[in-house]
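Student: Take this structure, written in structure tokens, and hold onto it; I'll ask about it next.
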């Protein structure tokens, strides 16, 4: 056989999906279901620690300002850690990525359990640089699902989030009240160890859809985990930069509201801790219903572009309603459209971005998506605090209305322009 024939044969083999040889359809479903379980458990442990850290920080003498510094530190760490972790997942595979993340979570909780000084409380946040179970789970689901069913599959992770939020908040509150912060943190460490066992038992080494690299290429890329050029090159793929910018601009106002919600609930709505707990449960149940039973059906009937327009348009109206709300009952009326807009927006943008890059880069792309959330957590407290103190709650809602309606008009104009070009 000629060299040219061998090259053609190797290229053809490289383009054959790995799943055709390694992961059959029933096994894919099993792996995806296990990933949903791992994601649910991870969210449970994270919300469990939310019932530990604030109370422990108060005991160690933290005031509101230093609690803000603690949150900002986590945001900054994950802002830079997200894309790097995504690159790691693409190069070394799903099992290595999830194992690293679960191991970091174990260390995180063990450091929290022994934290006895402000310095230790800051130190226990360092492992969050590797704690990206959710993006890694999204990568596995994106790799093993068909492109036309990807949005539905990714929305199920939102269902896991709702379940974990309710379970973690309830469990954490009960354990902390009865047994204290140290015991609760140890439960989180044990739970994370169980998640690690699930990863080692059920998650394959790799879930990439195509074997697109030679050994030499893979070796070269393994040296470029911290190469920002390898990460940012994804933004050059058609449609990626535009969707990414839309994700940041349209997501910023709602992100500010989420970051500021605990203060709004306490100072504006005058909610007591147990009332705030009920409201969080309402959020969780609403999110579960929308992401588990609504988004999947809508993605089967409508295009991603149409759903993106719908979510941004609805988000602008939610912002307008929140600008004029006066009490918690009026806010509760906005929760359903708010959660629908937020959930749809996140799922659709993640699906569009992963569909626009090669399968070998879905982890890096989802890492970049996660960095957007970290960016919001980093700048959100500063921007939100300034707006709230100087202009009140209504200013946050009005900014959300203005920014989202501007993005909506821009996307709608592009839609009409493309339609006119096709008609010609």
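Note that Cβ sites are derived from N, Cα and C of the backbone, with glycine treated the same way.
Annotations in TrEMBL come from automatic prediction, not curation.
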Student: Among 220-238, 277-295, 334-352, find the range that TrEMBL records as transmembrane segment.
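Tutor: So the range that TrEMBL calls transmembrane segment is 277-295.
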Student: Can you dig out which of the ranges 244-265, 354-375 TrEMBL describes as transmembrane segment?
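Tutor: Matching range for transmembrane segment: 244-265.
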Student: Who are the long-range neighbours of the transmembrane segment (307-325) in its own chain, taking Cβ under 8 Å and residues 6 or more past its ends?
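Tutor: Sequence-distant neighbours of the transmembrane segment (307-325): 151, 246, 250, 253-254, 257, 298-299, 331, 333-334, 337-338, 340-342, 344-345, 348-349, 352, 393-402, 404-405, 407-408, 411-412, 415.
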Student: Are there residues at least 6 beyond the ends of the transmembrane segment (182-203) whose Cβ is under 8 Å from a Cβ of it, and what are they?
Tutor: 30-31, 34-35, 37-38, 41-42, 44-45, 48-49, 51-52, 94-95, 98-99, 102-103, 105-106, 108-110, 112-114, 133, 140, 171-172, 175-176
Student: For the transmembrane segment (97-123), could you work out the same-chain residues 6 or more beyond its ends whose Cβ comes under 8 Å from its Cβ atoms?
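Tutor: Here the qualifying positions are 38, 42, 45, 49, 52-53, 56-57, 60-62, 66, 70, 73, 85, 88-89, 129-133, 136-137, 139-140, 181-182, 185-186, 188-189, 192-193, 195-196, 199-200, 203, 363.
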